[in-house]
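Now, the feature entries from Swiss-Prot:
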ACT_SITE  87  active site, nucleophile
ACT_SITE  195  active site
ACT_SITE  197  active site
DOMAIN    3-226  domain 'Glutamine amidotransferase type-1'
């Protein structure tokens, strides 16, 4: 499986993501500057890493969401191919309309950087099939605008369609219904605020994130590779 890790001006978790998928999970990966849209041809999975794209001007993820590379990413997603957005990547996905809702300022209005326990709410996804349902995992968080919000109608739709993939055990930022990560209806786009790429080696305090990337690789082999 070949991943493209998209690098925007202000991204700062791109090398963590690259290390996680290539050097730990063993997949093929390339760092792709946001203007190099031609490099997305032939890519199997797209990863939008964390950071502060465009300095978080206007709103977190807002400016990146209008860049040309996002048109390519929409096309990629429309084909059913996987897209993962982490932290700022999640913000970009909501700003671009690939995922519903929005990320707002943390309830205490401060930047948060520590380990958090999450609950795997749905293990029947492209991204979570190697986890157990309701498994508790530990991922780092590092954000100032990570409080997930959506209106009541959208929340009911997320719940009805099993689109809530991860929740916080101890909601650190005020996210509605403790939401830490959601997927689209089709199931091939996942956005989450916690950082699985920073939880792939016990040396860093947890390797719980490794199963997310291995789930992606295993499911790609079972589906896209067979149908290629």
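Glycine too: its Cβ is placed from the backbone N, Cα and C atoms.
For the domain 'Glutamine amidotransferase type-1' (3-226), the model's pLDDT averages out at 95. Every protein chain shown contributes to the tally, and the Cβ of residue 195 (active site) ends up with 23 other Cβ atoms within 10 Å.
The secondary structure of residue 195 (active site), as reduced to three states from DSSP, is coil rather than helix or strand. Residue 87 (active site, nucleophile) falls outside any helix or strand according to DSSP and counts as coil.
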